[in-house]
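Peer 1: I'd like to ask some things about the structure below.
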Ligand code: GLY
């Protein structure tokens, strides 16, 4: 997946816009029709492919990834940060297809995940419990799911450090004092949602403090984000700015840019605070104007990866960015919205080709190939990942609900 033509995405996006303004309404209608057909096909595929994934995954664990070279599936326990994505993906597939067996499988997996509502070992509870139970409650309105979400928010909030006004991502170690990673922005959705749905308002206040401090310290002047900012949690002072999964401390790790984009767009959804909207728009600009964005708009694993254009891709970054861009488009006026939606369309269209989307029965039952978990740690390189599938499905549902 390394030899893909290297062309600045600016050319591509402006090309897309020109095509739209030149072709007028007919082109736009054709595009919609193509997208509708593509989304329909992808969900029809997903419902079958995820039956393969279910078969490959013992009942007491969650899928994690699959290694094609030795035809080996890897699973995780429910404490792994990704444990909510599989049930979440099943719920998205059910939402679109109404396939009863898919809902049953989702319910079974929620059953093994539920106990993690008390987990406080890191900041990942939002990923784990909101991508899963958040969707389950939204779709089924089962009150037991809401109780689980509320308990999860209480657990996550124990990681808030009032002196620093931050949620601590990982525990202190010999390497980090009080680390906060940009990914943490995603966990704020759980907290905001609980406050907005009858829960304690302190969770929204915690989210706001965390998002504000992150704007202050996590971003460079070009709106790219550091991966890790290490803090003294007693004073709130920055100890160092660094990376863990990126190419270098100073690089723009692609998925991190996606987390930032999604996170500030989501913060605007809940607060309507224009500072968050502007932050999201500036992050989008960094991503979409980046000269290292490939022509198919599936980012290299790091925008500054060594070896571009032969560096590995990260399909998960593309699906995450596509989903975030579609939401950002909801909060912006026509010309700007077109830029975001055109970019998301391109990402989703590329992901839906044979270059990224697996064939039925292959890829361990996952939908997408070619994601990168943590290249510097030699972990999960050029593999399928649960969250690549999750945000891909979410983005297609968003497209269907908002733009068709
Ligand atoms: N949140 C961890 C990752 O994006 O790999």
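Even glycines carry a Cβ here, placed using N, Cα and C.
Remember, predicted model here, so these are calculated numbers, not experimental data.
Pasting the feature list from TrEMBL:
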ACT_SITE  124  active site, nucleophile
ACT_SITE  183  active site, proton donor
BINDING   124, 183, 243, 255, 259  substrate binding site
SIGNAL    1-19  signal peptide
Peer 1: In whole Å, how far is the residue listed as 'active site, proton donor' from residue 259 (substrate binding site) when you measure between their Cα atoms?
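Peer 2: Pair distance, Cα basis, whole Å: 5 Å.
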Peer 1: Excluding near sequence neighbours, so keeping only residues 6 or more apart in the same chain, what lies with its CB under 8 A of residue 255 (substrate binding site)?
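Peer 2: In sequence order, the residues whose Cβ lies under 8 Å from that of residue 255 (substrate binding site) (at least 6 apart) are 183, 245, 301, 314, 316, 317, 320.
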Peer 1: Out of the recorded positions I have (124, 243, 255), which ones have their Cβ sitting under 6 Å from ligand 1?
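Peer 2: Listed by sequence, the hits are 255.
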Peer 1: Considering each pair of residues in 124, 183, 243, 255, 259, all listed as binding substrate, report the largest CA to CA distance in Å, no decimals.
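Peer 2: Greatest Cα separation within the listed binding residues comes to 18 Å.
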Peer 1: Which of the three DSSP states, helix, strand or coil, fits residue 124 (active site, nucleophile)?
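Peer 2: DSSP assigns residue 124 (active site, nucleophile) to coil.
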Peer 1: Within 10 Å of the Cβ of residue 183 (active site, proton donor), how many other Cβ atoms can you find? Include all protein chains, please.
Peer 2: 24
Peer 1: I need the CA-to-CA distance for residue 124 (active site, nucleophile) versus residue 243 (substrate binding site), whole Å please.
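Peer 2: With the alpha carbons as reference points, the distance is 18 Å.
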Peer 1: What is the total of other Cβ atoms whose distance to the Cβ of residue 243 (substrate binding site) is within 10 Å?
Peer 2: 19
Peer 1: CB neighbours of residue 124 (active site, nucleophile) within 10 A?
Peer 2: 23
Peer 1: Note down the number of other Cβ atoms within 10 Å of the Cβ of residue 259 (substrate binding site), including every protein chain shown.
Peer 2: 25
Peer 1: Does DSSP give residue 259 (substrate binding site) helix, strand or coil?
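Peer 2: Looking at the DSSP assignment, residue 259 (substrate binding site) belongs to a helix.
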